[in-house]
Structure formats: structure tokens, C-alpha cells
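Visitor: Can you read through this structure? Questions will come right after.
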Amino acid sequence: MKLGNGFLRISVLCGLLFLYLPILSMIVFSFNRSSLGNIWAGFSLKWYARLFANDEVIAALGLSLRIAFLSATLATVLGTLAALALARFGAFRGRAVFSGTVLAPLVLPEVIAGIALLMLFILMARWIGWPTQRGFLTVTLAHATYSMAFVTTVIRARLVAMDISVEEAAMDLGSTPWQVLRDITLPVIAPSLLAGWLLAFTLSLDDVVIANFTTGPGATTLPMVIWSKVKMGITPDINALASLIIVSVALLVLAGTLMMGFARRGSPD
Amino acid sequence: MTLPMQNKPRTAHPVQENPEPEPAREAFLKVERVSKSFGPVQAVSDVSLDIRRGELFSLLGGSGCGKTTLLRMLAGFETPSAGRIYIDGRDVTDVPPYERPVNMMFQSYALFPHMSVEKNIAYGLKHEAMSRAQKDERVRAMLDLVQLSDLGRRKPHQISGGQKQRVALARALARMPKVLLLDEPLGALDKKLREQTQFELSNIQQRTGITFVVVTHDQDEAMTLSDRIAVMRGGAVQQIGTPNEVYEYPSSGFVADFIGSINLYDGSVVKSGAATRVRVPALGREVTVASDKALETGQPVQVAIRPEKISIAARAAPGAENVVTGRIANRGYFGKDTLYRVRLESGEILLASNVNVARALGSPLSRESEMQVELSFAPQAVVVLPR
């Protein structure tokens, strides 16, 4: 028993190290005084200072945040509608096809999605004269399209788990279907809406492939900046930037988990 | 096995020797030849009900008998495939649930998890033309009615199952519906709480005067609660009557067997008329019955006798009618009564129950295995059913 316990602990430790050692070393080296990535020369915050003085990085960060915010919001609205259609409207005509096409991006390689969206934008520009140039708007739309599948999955799971008689009870008490949606369904699934939004936000924030295909001159997202910098060798200010991103993503995930916890405690069982 | 109680506190049903149809009163909730099918499955077939104002009416049946589907059609969640539904003279068949003058208490209670108890009860009132003060007053009255005045600010996950049940009841009653539909209202409660709540429920029904339609699979619950019961099977109504009628005058072997326990044997009429005699091979004799039905000689029938209407003794009282002999196979001791399974000479089993009036320990009847006994029953105890 004791041996088993020790073995268990070592296994868990090895697993955690395997997962987090690279990230941990990156965070540690972001505080390295030396500019050489592999030699520790004492603690310093100078890479963070240099990062914030870098206008290109700051502008890219701002663009990425705006794209992530807008695309996540768009994906949540569309994803909620799709999830409601799939979970509440019974066996309508074409339901199986709809379900398949909505969820296909989950398994579609990003490269394919990126090429397809690029083709679409080019063709649209030719036929209807829009979008005249690719950039902020096209990346936002592309991200919303891609992350909607994930949002739909999260919200649909919550809708399926929810007791339908709660909605029936509201209708029985005099509320029209729209009032039921507003008063009961949306508040009950609110935590999963937020979880879906956070997921879409993170997906957009760290996407480099689709953004590369669908952006144009003058609109460079943060992952694209990092990607182009890394091609010339890793510098400690990239470490600093990545560390900041990891911390903020970790905080978002934590918030999402807490929300899901609230959702479970609020459910009628 | 619990035998149905007949101590219903309010409308005392006169013990009728011959059930006569009650004087026809105007139906408040009228179900007219309603059927419902889901694809190839016929859930409800050709059901007609006339439910009176202020009545507590039960739909009783096993799972899959169509009782819940029927209730959901009354609420408006399902549309009948055929037939009409009228409430207080108005055809509501095609009226959506949110415009019907009925409310429903759900089996799962279906409380709104994100709202307090008060908000749950007040929810239905937001569609009513009432002032804020009137609404608050109504919510308070409802909380008083179900004795939850102190828990108004709690959330549903902070209260017990029994309390949730009462919040669900208060919420459904808050709009003072013309008809309240209750889907297995006591199903999720434990036995002790269920018995207590049964009386509370019929109390509340009496005080509010609202027509209740209760769906239940529990025959004891239906017997204790209801003014009238519709026994359902396979989507159709088998019998409608007061608890007394369906217990004492079942219309079929199924109803007789479903409500309480009963001895059912095949037989054939030997002599019809004043002192009808039926030959029952299982009992090994001809049985004298007092039947009101017009029977013909030679007609195949079923005889049904309730266990509590059979006397069991070492020797039957002198002059006892319909005496059969057998040996005790097992006993079930329930405290207030004992149920005997007696093996007859024909090999058939007869159930007989005896109320334990005396506190006797160790009478031969309660002790000796394989004891030879004599059983007897009055002609009036026998129900004759067509076969």
C-alpha cells in the first residue's frame, strides 16, 4: 500500500513536470538578466520593460484582444442559437445535416479552414465588392466561424442536461416561449454561455494559422508577431510576453471553471 | 400490502349496496373522445371524462397507461390527435399552455433554480393585472398556505425535498387556476412524509375549492385523496367511480386486481335469479352470490372476493355460507391485520385477511403451520364479473 502510494505520487509528479516544465522554464527565463536563453545570470525585469516599450507588440496585443472579444461575442450569439435549435426544436427537417455542419470545424484542420475562408473572402470581394481589404474584420469573422462549433458544443451539453420541465413550468405559468427563453433558459445556462465565450476568446487569442490566412497588410495579431520574431531566434522578451499570456489564460480558465461550478450548484437536482 | 383506507375526512361517500349513477352535474372539465398517438404508438385512445367543479379527480394506472400524456394534453403541452377538451365551457384544445386557465405541478417540481422561493411563487403573477402590493400579499398567502413563511428567501437548492414539493404546489396555486394538474405529486417523497402530505393536499384542495386532477400510479394515494378515480390501462379508461365504487364494484377483473388485492376465479352460472349460484372449480363448490347483474344460466363469469371479506377459522361459524376448506400455506403479519395464503383442495391459493382485534399471542391460527382451516364468505361479498 505504502509502495503503491509512493509510486502514485512519483507518477503524478512526472506527469506534471512533463506538462509544465517547459512553461515553467520559460517563465523563469523571462526574468533572466542575460540575453542568452540558456544561461541564468540573475533576476531582472528588463525584458518586461522592453516589451512594454515595443509599440509593435503592444499594437498587436490590442488588435488580438479586440478580435478575440468581438469574435467570441459573435460566436456565443450564433452558438447559442445553434445549440437551442439542436437541443430544443425536436427532429426538424435537416437536423442531422445541420448538426454535422455546425460541429465539423471541431475536427477540421485549421489550415483547411484558413484556406477555405481565404478563398471565400477573395471570391466575395470579386462578386459583391466586399471585403475590399482583409484585416481586422475578416480575421474576426473567421475566428467567429471557427470557434462557434466549440461554443455550440458547450452550450448544447448544458441545455441537454437541463430539466425541460423547468421551461414547461414557466410556460404553464403564463410565459410565451420568448419570455421563457429570457426569464428561465438563458439565466439557467448563463454560466455555460460565459464558459463558451471564454473558450472562444482563448481560441481566437492564440490562433496563428487562420489569422495568417485571412488577415491582410497592416493587421498583425499577437501570435503572428511572436511567430515572426521566433523565426529569428528566441529572445527573452518573447519569454516575458508568453509568460504574461499564460498567466492571463490561466486566470480566464480558472474563472470559467468557477462558473461551471456555480452552474452545477444552481441546477435543480 | 396495505389495504385502502376509507377514512376520507370530507365528502363521505354513502356506502351503497347498489351503486346508482350520481345525479348528472355539469362537467367543468370535459374531455371528449380524446386520442393521442406518437407515430405508431397509441398513447391515449378515445378517452372521455366529465370532471366536476371543485372535484379531486385521479387518473390511476401503471406506467405507460397514458395517464401522464392525458394530463399533458390538459396542460397544453401535447395536442390531441383527435377529440376536444373543454374547460368551463370553453374549447381549449388548440390553446397554448400559456393561455390556458390551468396550472400544473410537475413530478420533478421544476422549480426555477436561479430564483428564490418567493420569486418562484411570484413568477406566474407577473402576467396578471395586479399591483405590487397585491402580488406580495398573494405570495405571502401562498407561503402561509403551504406553511413555508420562513423560507421565502431561500433558493431551491437550500431546501428539502418535502419543502420543494410545497413550493411547487404554492407556485402552481398562486394564479388561482380553474384547474390544477398534479403529476405524481407525492411520488418523490418518502412513505411517512407522503401519508402526511396526502391529507395536507386534500385539505388545501378543500380550502381553495380548485378542481384538482391528479396523476398517480399509487392506488392507496388515489383511494385516500380522490373524490373520483379513473382507472386507466393501455391508453383507455377502464372504470370511473368513487373510491368506494371502484373498490367494491370493480367493472372488470383488471380493476379488481389493480385496486387492492383480490381473489379472482373463473366460474359459470348454474342458477340465475334471486339466489344466484355460480360453479367455481377452484373453490371446489357452487357459490351463492348476491348479484345485481342480469345473469343467464350457463354464462361464463369471474368471481372476485376481497381477502378482508373472507372469515378464516378452525371451524366456520354454524350457519356460515360458502364454506371452503384448505391449509394455511403462509402468513403475512402486518400488525393491524394478518394476511393468510390458504392452499385449497384444488391446489389454488385463496387470500384471507383477519383484523387482529385481540392481542393474542400464539393462537393456533397465528402459529400452527399447515393448519387446516375453514373459510367462509357472505353472498354479498362476491363480485360477479362477465368473462
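Placement of Cβ uses the backbone N, Cα and C atoms for every residue, glycine included.
Predicted automatically and left uncurated, TrEMBL annotations should be read as such.
TrEMBL feature annotations, pasted as is:
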type: DOMAIN; residues: A:61-259; note: domain 'ABC transmembrane type-1'
type: TRANSMEM; residues: A:7-31; note: transmembrane segment
type: TRANSMEM; residues: A:67-90; note: transmembrane segment
type: TRANSMEM; residues: A:102-129; note: transmembrane segment
type: TRANSMEM; residues: A:135-155; note: transmembrane segment
type: TRANSMEM; residues: A:184-203; note: transmembrane segment
type: TRANSMEM; residues: A:209-228; note: transmembrane segment
type: TRANSMEM; residues: A:240-263; note: transmembrane segment
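Are these features on the surface or tucked inside, and what are their neighbours?
Guide: Taking Cβ pairs closer than 8 Å, the transmembrane segment (A:7-31) reaches residues 37, 40, 43-45, 47-48, 236, 239-240, 242-243, 246 in its own chain, all 6 or more past its ends.
Among residues of the same chain six or more beyond the transmembrane segment (A:67-90), those with a C-beta under 8 A of the stretch's C-beta atoms are 98-99, 102, 136, 139-145, 147-152, 154-156, 159-160, 181, 185, 193, 196-198, 200-202, 204-205, 211, 221.
For the transmembrane segment (A:209-228), same-chain residues at least 6 beyond its ends with a Cβ under 8 Å from one of its own Cβ atoms are 56-57, 59-61, 63-64, 67, 110-111, 113-115, 117-118, 121, 133-136, 138-139, 141-143, 146, 238, 241-242, 245.
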Visitor: If we skip the immediate neighbours and take only residues 6+ beyond the ends of the transmembrane segment (A:184-203), which ones have a Cβ under 8 Å from one of its Cβ atoms?
Guide: 68-69, 71-73, 75-76, 79-80, 84, 143-144, 146-148, 150-151, 154-155, 157-159, 162, 166-167, 170, 175, 249, 252-253, 255-256, 259-260, 262-263, 266-267
